[in-house]
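Have a look at the structure below, then the notes.
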C-alpha cells in the first residue's frame, strides 16, 4: 500500500513471505511513511484534505477497499474506501490536541482478506498564532520605599502563550509598559518592573497604576498581545523631621493645681506616618524646668505639660519653658536633610486662688512641766494668709483632738496655754490640732501640735511589792530574812536612785536592821539572836525609802515579819495561820477577794431558792368559763370591794384535791410563818355542801395568817365534774327538786340576809 502525500514522498512496499511450509508471496511496498501534516483552525467550507493512501495491489479494478482505524477515525477523519483519500471533517485546534494516531489497511472487497498488513501513521496539527499571551493575575499589587534609587526592583509579572513554542515565534512573548512612565520601566524579556525616576516622594504621591503589555511573535507587527495592571504603593521612610506649627504657646494654671495634673498640650507635625512619625517631647530650658514636666502621649503624639511642684502665685506668676521635639526612629540615609528635631517656647501663667492660711511649720513640738500653773503659756503657733489680701487669721483648737479641755489657744496671737493642772504620770504626751481660719472668706487649715509633759519629782518611792516574811525563833544576829526593792512613778533623766534606811523611831532597841545594797534594793537583817513567838508573833519593820532627785521625796513603808518555829536548817515548822498563808503566797488582798467571791455565790444560791419557792402553781382548771363571785361585807373592817383575790376556790372545784401549802396573794408569804396542817377533806357522793363549807370556815377561823378582816368567799363553779355540783343560782330554775335553805339561819347574823331571801321564798311557796 503506497500513501501519496502532498509532498510527493513514497512509502515502503508490502512483502509476501513463505513460512511453515506455506508459500507466501512477497508483494512490493512503497517507501517508509509515518505521518501527515494538517494546519489547525481550517476555515474552509469543504472538508479539509489530509492525504491519500494507495496500495500496490490496487490495480484500479475496484477490488481493493481501504479501512481507517484509530483516533477520530469515522468521525473526525474519513477515508474514501475506493480511492484512499483522507479528509478532516471538523476544524482542529492544536492547543486541544496536537496529533492523532491512526491505522490504515487495504483488504479485498470480495473476500475481506487483508491485502497488506495494517500500517500506523500520525496526523500532526501544525500550529498557527491563534492565542494571545495571558498574565497569571489580572491585577498585581506591589510596594516600594519612597526615595528609592533608579532601577530598584518592584515586582515581576509573567505572561504565557498557549501556542507552540517550538514552531515559529507564535509563543515568544515580549513585555512593554503602556502606562506608568516615566516613573517605572519593565524589562522586555523578564517582565521585571523597576523604578525609573529617583526621589519619588510618598508625601507628594503615594499610589501609581502601571499597565504592562505582553505581545507574542517576538513583538513584531501582527502579533497578539495581553495586558495587566500593577498597583504600586510607595511606603513611608523617615525623611521628614517634626515641626511645631507655631513658635510660642501660652497656657494658664491656677496655683491650686495639684502635682501631676495637666496644664496644656502641644503637638508637632510630621509628614511621615507610622513609627516614622513617633516623637518624643522634652523640656530643655527655661525657668520652669524644675516646676513643670512634659510627657508624650503615644496615641496622639502630643506633648502633655504637667505640674511637677506646687505652684504659688505669690512667689512667681509666670514661667517660660523651652520644649524640644524629636523623632524616635531615625533613618541614617536622610540625616543630611537636617536635624530631625524642633523647639518651641511655652509660657505658663499662674492664676491666683484664695488659699487657706499657711503655718510656719508643718508641725509643732512643745514642752511643759507637770507642775505648771493653770494659764501658763507653753508655746505658740503662727499662720499667715498667703494671698495678696493678707486676711487676718483666727486660731482655735479642734476639740475632737482635745476633749479634756486641758489646753486652749489665744484666738489672736496663737499662744497655747494650760486650762487644767497636768499630770505626767497620767498622760505624758498630748496631741492636739490647732486650726487657723481666715475672716473673709472662710478658709482654714490645721497643724498638729505635740505637747510633752515634763516630769518633776513629785512622787515618793514606795515598795515595789507588798512584803511580808517570817523569821525563825532560832534566827541568829545579822541573818538576812528579806530583800526589798522600790518603785517610783517619776522618771528622772538619769534614772532612779533609791536609798533605804530604818525609820529613826525604830532605831532604838531595834530587832531588825536595813542594809542598802546600793543597787536600788535593800536587805532586811536581824539585830539579835532568838525570837519568841509566844511573846510576840509578828513585828513591823518601818523602812524609809528616798530618791536621789530634787526635791528629794521619801516615804516610810512597813515590812511585816512573822515569828515561826523552825528546825536547825531554818525550815519553818510551826507558825500562825496568817503567816502560813503569807508563806504560801496569798496576800491580804487575795484573801479578801476570795472571801467576797464566796459570799456572792452564797447570795446567788439563796436568791435562786427563794424565787423558786415563790413560783405560782398552775390552776387546776383553766377555762374561759371560770367564774368567781365574791360577796364582800361592808359592815366590818376589811379589804372592801377591791378584795377580789382573798380566797382561792380551787378546792371547791375539785374537793378531792388536797393543798397542803397554798399561798394567799393578799397576805405575807407563809414561808415566814409555820403552815397550818389542814385535815384532809374527803368528799363522797351526796356529801352535804354545808359540812364542806363549815369545815372551811373553821379552818379560816383557826388560821393565824388570816387577815385582820372578815370576808365571805363564795365557792361557785358552773359545769360538770364537781362532786358538790353547781352552786350558781343560774341553774336553780332548771332544777327539778326544791332546796331547803333553812340551815342558813343557823349560820349566824352574817348570813341573815341570805336566810331571809331564800328562807322567805320557801315560806311563800309553802303558803
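Glycine is treated like the rest: Cβ placed from N, Cα and C.
These numbers come from a predicted model, not from an experiment.
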Checklist line | The annotated transmembrane segment range in TrEMBL, which must be one of 568-589, 590-611, 612-633, 634-655 | finding: 590-611
Note to self: Limited to the domain 'Cadherin' (55-135), I'd like the whole-number average of pLDDT.
What the structure shows: 84
Item checked: the domain 'Cadherin' (245-359), counted residue by residue under DSSP: helix, strand, coil -> 10 helix, 56 strand, 49 coil
Check: Using DSSP, how many residues of the domain 'Cadherin' (136-244) fall into helix, strand and coil, respectively?
Finding: 3 helix, 47 strand, 59 coil
Next item on the list: Tell me the residue counts in helix, strand and coil for the domain 'Cadherin' (360-463), as DSSP assigns them.
Entry: 0 helix, 47 strand, 57 coil
